[in-house]
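These features come from TrEMBL:
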BINDING   Lys46, Gly53, Arg54, Gly55, Glu99, Val102, Glu107  ATP binding site
BINDING   Asn199, Asp213  Mg(2+) binding site
BINDING   Asn264  substrate binding site
DOMAIN    9-56  domain 'ATP-grasp'
Amino acid sequence: MDIHEYQAKEVLSNFGVEVPPGALAYSPEQAAYRAREMGGERWVVKAQIHAGGRGLAGGVKVCNSDVEIQEVTENMFGRRLVTHQTGPEGKGIYRVYVEAAVPIDREIYLGFVLDRTSQRVMIVASAEGGMEIEDISADRPDSIVRATVEPAVGLQEFQCREIAFKLGIDAGMVQQMVRTLQGCFRAFTELDATMVEINPLVITGDNRILALDAKMTFDDNALFRHPQISELRDKSQEDPRESRAADRGLSYVGLDGNIGCIVNGAGLAMATMDTIMLAGGEPANFLDIGGGATPERVAKAFRLVLSDAKVEAILVNIFAGINRCDWVAEGVVKALREVEVNVPVIVRLAGTNVEEGQKILAESGLPLIRATTLVEAAERAVGAWQSDLDQSTKVRAV
Ligand code: GDP
Ligand code: MN
């Protein structure tokens, strides 16, 4: 799960990372009011969306008066901001953050990520942060500083000092840098983040180290133990199909094709998508309904897959190990009686009690297409879709 910049700044400041004073607003009037309330004479107004690249796309503006803030934010609210990270549809702006402008001496890039190769938290930093960080990492990869954290001992002070020296931070500010690095690392591990990024981390004219931007991503599977973080979720920034799935406890990723997939197990779901592609079709989604595919979950899955208007056929592929095919078959039958499904449905069951399962499907009287192997199921799904929903595909398979 991603959170907004202003939320990440609040989280990080609780761990000792310094940020400029700022205030959130939900309307242009409120933005102007909050600037007056804060005081000062220069502010930076920042569109709050779950994506970076806002600066280059017009989502970050320096303003010199409350009137200017109101004008600038009139053009932000309700608009969709398209940056190089959002995709062409952009992300809606419904909140802006008004921050006291800071005189910048230097911009540094600082990121904490999970490095799968070393299986460690890795710190990535660059003395040349700011908006062109992607170019720097492509053109001069050697200028990037990296350090991994040994999990048994955590981030050590000497490592932080080493990073600070490599970034060319003045001796008088090294201790501040150590505090910043350790604060980020503690926030990362204690809150089960998968990414913390500060770009830019700035050194101000008066020798302070401040996070001017902040991004955090959290491990969805650990959110249950951080209610104060899961509360920060903003559905307006998510793919509506994926938020519906998350609400129902299903693991779903929306794709561009038109064959809906209902599968148990992530690996099997990926194999199903591959096989559909191999058979000449394109999957509409990844969906793992989990191990205990109860009738309720199967019904939820059908509703979710059908809520995508592009879906023209549905492939149900269940391997019952601990589960039982007859239960799953009952679930499919129950779901199809409850949910109006007007596209061909192909069902492939394998594993425990497969014969009983097939029998339940056959005797249900529902127009299901049954398949034995995954390849056959994928070919039938692609065939059913290609025959343009011809009624003949809807006859009951025997
Ligand atoms: P991003 O483009 O989405 O990553 O948004 P950022 O929050 O990083 O803002 C983009 C750029 O705006 C930063 O790299 C800074 O150069 C600039 N910026 C942000 N806040 C301030 C500020 O308080 N003062 C000044 N002078 N520039 C700022
Ligand atoms: Mn940034």
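Each residue, glycine too, has its Cβ placed from N, Cα and C.
Features as recorded by TrEMBL, highlighted on the structure.
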residue: Lys46; record: ATP binding site; Cβ within 10 Å: 24
residue: Gly53; record: ATP binding site; Cβ within 10 Å: 17
residue: Arg54; record: ATP binding site; Cβ within 10 Å: 23
residue: Gly55; record: ATP binding site; Cβ within 10 Å: 16
residue: Glu99; record: ATP binding site; Cβ within 10 Å: 25
residue: Val102; record: ATP binding site; Cβ within 10 Å: 18
residue: Glu107; record: ATP binding site; Cβ within 10 Å: 20
residue: Asn199; record: Mg(2+) binding site; Cβ within 10 Å: 21
residue: Asp213; record: Mg(2+) binding site; Cβ within 10 Å: 24
residue: Asn264; record: substrate binding site; Cβ within 10 Å: 25
Contacting binding-site residues, sequence order - Val102, Asp213, Asn264 vs ligand 1, Cβ under 6 Å: Val102, Asp213
Asp213 (Mg(2+) binding site) and Glu99 (ATP binding site), distance between Cα atoms, whole Å: 11
Within the domain 'ATP-grasp' (9-56), residues counted as helix, strand or coil by DSSP: 18 helix, 9 strand, 21 coil
Close-lying binding-site residues around ligand 2 among Glu99, Glu107, Asn199, where CB distance stays under 6 Å: Asn199
Cα separation, Asp213 (Mg(2+) binding site) to Val102 (ATP binding site) (Å, whole number): 12
Candidate binding-site residues Asn199, Asp213, Asn264, pick with smallest Cα gap to Glu107 (ATP binding site): Asn199
C-alpha spacing of Asn264 (substrate binding site) relative to Gly53 (ATP binding site), in angstrom: 37
